[in-house]
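Presented below is the structure to which this report refers.
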Amino acid sequence: MNKKILDVLEYDKIKQSIRQFIATENGTKELRELVPSSDETEVRNALKQTLDAVNIYRLKNGIPVPRLEDVTEALQRLKIDAALNGQELAQIGRILRATRTVINFFDDLENEEIEIIALDQVIEQLVTIPEVEERLSNSIEGNGHLLNSASSELRRIRASITRIESDVRSRMEKFTRGNNVKYLSEPIVTIRNERYVIPARVEYRSKFGGVVHDQSSSGQTLYVEPESVVDLNNELRQNQVAEVHEEQRILQELSALVAPYTDTLKDNSRILGHLDLLNAKAQYAHQLKATEPQISASNEINLREARHPLIDQKKVVSNDIRLGGEYETLVITGPNTGGKTITLKTVGLLQLMAQSGMFIPANENSTVRIFEEIFADIGDEQSIEQNLSTFSSHMDNTIRILGNLNERSLALFDELGAGTDPKEGAALAIAILDKVRSTGAVSMTTTHYPELKTYGYERMGTINASMEFDVDTLQPTYKLLLGIPGQSNAFEISKRLGLDSDIISQARGLVDQDSQDLNNMIKDLTTRQKRAQKINQQAVELLKQAEEYHQTLVKGVDSLNSQRSNLIESAKEDANRIVNDSQAEADRIIKRLRKLEHSTGSFKENDLIDAKSKINALHQDTNLKRNKVLRRAKEAQKFHENDEVVVLTYGQRGELLRQVDKKHWEVQMGIMKMKVAVDELEKVKPDKTVKRRVHNSVQRTASAGVKTTLDLRGKRYEEALTETDRYIDAALLAGYDEVTIVHGKGTGALRSGITKYLKNNRRIKAFEYAPANAGGNGATIVHFK
């Protein structure tokens, strides 16, 4: 992108606005080098990264990148085996800690299932160096000062220094108290030439002995190191020298530790700077209330409620601006001071921002194009003097632009053809626009020449526009009116300002009829457009309300469906609980019936087996979409004596004897008579076979037909399990203590199914495979409780 367009559209001011949010020197460096890209892939990726940063800022207040210095120079010195100072090593330590923090931060985002579109590829390039980070953290403070923990020798030396200093100060302070005070200029202990001294009056020099290290400017005070502390100061000095040597050794050692990782550290520093810049872009977008620009697939610029980013966002007027698609040339006509130039700059600057990976101050779903170059000839639109030199300057610029245009160019012309004779200027403007269109470039032009209003109507792919003017307030509104050329308001303004009506009438007569007709047409178009915009706004609001109502209804339906599902699941569980209780009750009845063996009469055990099987068939899994128990609605019915019924509680068939009351019947079930609630009865069709009245006892007619072995070989899986269930019931009724189920070896699927069934059957006491000579694991012996 040419530098001139960046200067004309004040692109650097956008970067200055972003600069305030940057924390790292590398981020500042990347911002300084940032320019718009003409590569669509690069732009798309940059916008995706900014989108990630905006979402992170919204959810987590930004990526945790701290203030970091540029360590490039320090890393270069490491490559020649130079030792770094403490501050430089501390800076490297901060980069390593920031690297780990950022990686952990993005791991947390992943765990929280926060979607990251493009930055995950950037984060993958960061590399932690735990051993180096830990060593630096344990050795150096943030200001570069070496910690005592940097080495055991350094700790020992510093402990000695502390002890000796304490001894020296203790001895020296004795000279600042008592009778010695009168020999001092001031009762203090100070330092000269890195040694502890006292300020002795010159006439009492001999009272202290020792060494004189300095003298006051007046010559009346000597800074004396008393003889009694000379040896201690010497020892202190030796330890201080040893401390310096040990610190240098540690710095050399730490530098050698860091040196192999210079390339990794350089990359980490660069990536952290890039993330810092993305943070800044996100914060600037938040400040501007900017949105993500979409790259148009049809090469169309469609900016919705676009605002110039450098104007106070509380005062700036937003505009809808469309360019491309049906028309490639936009001509904004009308008088000056209405905001034409700002509109021109807004389009150009928002394009530069989008192609730099920035969000733009416009409503959502605004679209931009990717231009290879953007050119502009924008002068001082408020200039009163338009002389030949100005015209020549603009023409030189226009000639340069025309020589570089292609189908991937955007040309912005402010007051095209101005500065010369109006007729010649208008003719030149028309010819220049035709030339621009022939190159395939997109262009926006502002002009106050009326001839270009007709051009906007007559040329294919060209559209007129104007800036709205409020004749009531005599002020521009700065709103762009697409499709409507600018109209002159000179007569109306003059009338409102008080110009004599005779003068205005005479002036109107001097204007040709075509111009008057054109102005009247424009006025009518403006009125119609305002009416259409008002209707459209109402339609948009109604659509928004309808969408809100729709969302409310959808949420309501979802809530009802959820409640319905919960109720159904609850009902299924209740139904299955009732069925399980019925099974248990049926088992108890069967046991009681077995005890009637010595009674007279007879009872068919097959009837009991059938009844119990029907109870088992009632059970439904709770996750089924339709529950058979729930689906079977109980129909209203009347009962009569001798009707055959099923007692639902026990799953047994019986015969109605008499009605006890409105809610109860007496029922004969085999040898038992029971009082049963109407709700527990269900009428059934009578058996076609001849019934035999059960009298006082049960005769085991079925036991003789039940074998002690069940052979399932050759059976299908489901069929085998069903037959096993029936067989277990029959064997229990027959009074067997154990039985054998032959399932064969085969693939083991049937054997596994039988084992699972037996484990879950509460009537089974134990089971095991048959002995090797009796079938082995091809048969299972079952023991009943």
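Yeah, the Cβs are placed from backbone N, Cα and C, and that goes for glycine too.
Per Swiss-Prot, these features apply:
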BINDING   GLY334, PRO335, ASN336, THR337, GLY338, GLY339, LYS340, THR341  ATP binding site
DOMAIN    710-785  domain 'Smr'
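Mean pLDDT for the domain 'Smr' (710-785) in this predicted model: 85. Of all the Cβ atoms in the protein chains shown, 22 others lie within 10 Å of the Cβ of GLY339 (ATP binding site). Counting other CB atoms no more than 10 Å from each candidate's CB, the binding-site residues GLY334, GLY338 peak at GLY334.
Broken down by DSSP into helix, strand and coil, the domain 'Smr' (710-785) contains 35 helix, 19 strand, 22 coil. THR341 (ATP binding site) carries a helical DSSP state (H, G or I). Within 10 Å of the C-beta atom of THR341 (ATP binding site) sit 20 other C-beta atoms, taking all shown protein chains into account. Classification of GLY334 (ATP binding site) by DSSP places it in coil, neither helical nor stranded.
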